[in-house]
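Feature list (source: TrEMBL):
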type	residues	note
COILED	21-112	coiled coil
COILED	159-208	coiled coil
DOMAIN	11-128	domain 'DUF4200'
Amino acid sequence: EEDSTNSFICLLKKMKEVRLMEKVVEEKEEAFTERMEALAEQWRDLQARRAQLKAHVVRSGSTVKENERLRTQALKKAKEEKEQNAKRESELLEARRELEALTKQHQKLSKKLLKYSLYKRYLENVVENSQFRDIEDVISFYKALVRTRKELVQAQWGHRQLSEQATALLQRLRAEREAEMLQRSRELEQLKESLGRAQGDLLQWEGRWAELQDRAARKATELKSLNMAIHSLFQ
């Protein structure tokens, strides 16, 4: 269906080109006809002027000098008219070539138009059996669908890109969190080891503190006995 629609779009373009070419051919034909009529009119005018010139030469042929002057003017005029005729013939030949080229192109476009007419009938059937008003409405709807599909594909691509970026970011955060948890676990193990050593040192210092307290008590007892003895001796 997409290929058929594209083919019909090409068909519409070709039909437009055919209409333009037909218009150009008609304009060329009209211009060619007008140019031929102008050349015919100029040719009749030339013949009339030649006849007038010839009659004038016959009437005014009194002297050789005047006749020579008139002959020179006539030759000059004839040369100019010959050059103009050659120019007109060249333009006419070019116009014929352009007309032949346009005719060939028109025939080629007509063949293509016949080739794509099947798609036109198909779209006409679509219009008859749907809510579309005309073929242009079908093509506009198709273009809108293509544009929407393109936008949807772009949106899906953007969503996929965002999903991939989010997945990569999540993986990176997860890796960082795992590395951080591993580091915290190592630090916790080190703190537990330090705590164990500190607890061992604490037990050791508590033992020594008990020994010091015991020695201090004995010294205090001895000092008290000594004081009592000194007091007795003093008495």
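Glycine is no exception: its Cβ is also placed from the backbone N, Cα and C atoms.
Residue counts for the domain 'DUF4200' (11-128) under DSSP, split into helix (H, G, I), strand (E, B) and coil, are 113 helix, 0 strand, 5 coil. The average pLDDT computed for the coiled coil (159-208) is 85.
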